[in-house]
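**Student:** The heme b b562 binding site annotation in Swiss-Prot covers H81, H182. Marked as heme b b566 binding site by Swiss-Prot on the basis of similarity to another entry: H95, H196. As annotated by Swiss-Prot, ubiquinone binding site applies to H201. For 31-51, 75-97, 112-132, 178-198, 224-244, 288-308, 320-340, 347-367, the entry in Swiss-Prot reads transmembrane segment, with the evidence type similarity to another entry.
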Amino acid sequence: MRFIKRPLISIVNDHLIDYPTPINIHYAWNFGFLSSICLIVQILTGIFLAMHYTPHVDLAFASVEHIMRDVNYGWLLRYIHTNGASMFFIVVYIHIFRGLYFGSYIKPRHWVWVIGVLILLLMILTAFIGYVLPWGQMSLWGATVITNLVSAVPFIGDSIVTWLWGGFSVDNATLNRFFSLHYLMPFVIAAVSLVHLAILHQDGSGNPLGIDSNVDKVSMFPYFIVKDFLGMVIFIIFFSIFVYFSPNVLGHPDNYIEANPMVTPAHIVPEWYFLPFYAILRSIPHKLGGVTAMISAIAILAFLPWIHSTEIRSSRFRPLYRLFYWVMISCCLILGWIGGMPVENPYVIIGQIASIYYFIYFIILLPVLGRIEKFLLEFKI
């Protein structure tokens, strides 16, 4: 066992082998492991794609087609990378919703939650700048629309936009800096993920019952490693269906048209995993108000440890909260649908109602429901 006591090996052993894990965690706890698999896949495929990609407005689109047609298994690398981004967001969104359901944001794991929200923000930034790189119509116009939102910042907004673009429009300088940042950001996400894991293991994992128990725990290996690998096999099958049978179903057909600044697409939409936030942005007619609401929709998650008022972690014992939780999930799905629809009625009104409920849930319902539950428990109602 002297081998295990070596510094690097002991870290791996403490966090992945002998790590004490609650015996009652189920497959909802698989998604942290799956998100790390997605990140590794994205980094590896991204490195190989970068070897053949050219970050120049005249060559970017052609270099992507070169990867698809001429590079050995280039089509596979690209489809794994593009669909891998979607899989990454699916896994992370489920991971977040699981945390909301089982109260993973409640102390002592509140800093784990805050770091997780930071990872989500970094993922959104990375995915956005990555969407620009193929230099199709949706890449160019999506970049133009989203970066233009910064101009809503009073006094300095226009200067920041010019600085982001590296000129007076989305052009070669923009593409170069986006490529550079897109290559760097996954490694930043990996570093922050290690911090996320280290802080989690300081206080230990939660469990479906939401109780702290240092007695009913077993080592992570082999019990939960085997469970994680079973989840990974199911995930790979699901992932492979998209890669091999429907590789473009989650993309936009306009991005197979080379970027043309003289022709505006009929309907500019971001990737599907941004649609709920995009719907919140469009729900407010005022530009600065919409941008503030969109940013707040993400930032508010980081403040949940200080907003909630309940003493019960798990929703298994909170029937009243559970009802409002599932309404919130429905609103998120509705916002995702509305984000892909034209800006016209009734879509605008539906988006506004769903956006209002989203914020009411976090700002009003979370603290109020906790106090109502406390009152009902005290009087045994």
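Glycine is treated like the rest: Cβ placed from N, Cα and C.
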**Student:** Let me know how many other Cβ atoms fall within 10 Å of the Cβ of H182 (heme b b562 binding site).
**Tutor:** 22
**Student:** What residues elsewhere in the chain lie close to the transmembrane segment (31-51), defined as a C-beta under 8 angstroms and at least 6 residues from its ends?
**Tutor:** 67, 74, 77-78, 80-81, 84-85, 87-88, 91-92, 94-95, 98, 179, 182-183, 186-187, 189-190, 193, 228, 231-232, 235
**Student:** Rounded to the nearest angstrom, how far is the Cα of the residue listed as 'ubiquinone binding site' from the Cα of H95 (heme b b566 binding site)?
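**Tutor:** It is 17 Å, counting Cα to Cα.
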**Student:** Drop a 10 Å sphere on every Cβ of the binding-site residues H81, H95, H196, H201 and tell me which sphere holds the fewest other Cβ atoms.
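**Tutor:** It is H201 that, of the binding-site residues H81, H95, H196, H201, has the fewest other Cβ atoms within 10 Å.
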**Student:** By a Cβ-Cβ criterion of under 8 Å, what residues six or more beyond either terminus of the transmembrane segment (112-132) are in contact with it?
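**Tutor:** For the transmembrane segment (112-132), the sequence-distant neighbours (Cβ-Cβ under 8 Å, at least 6 residues beyond its ends) are 85, 88-89, 92, 95-96, 99, 104-105, 138-140, 142-143, 146, 170, 174-175, 178, 181-182, 185-186, 188-189, 192-193, 195-196, 199-200, 203, 270-271, 273-274, 277, 298-299, 301-302, 304-305.
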**Student:** What is the separation, in Å, between the Cα atoms of H201 (ubiquinone binding site) and H182 (heme b b562 binding site)?
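**Tutor:** Distance between the two Cα atoms comes out at 29 Å.
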**Student:** Ranking 75-97, 178-198, 288-308, 347-367 by the number of C-beta pairs under 8 Å to the transmembrane segment (224-244), which range is first?
**Tutor:** 75-97
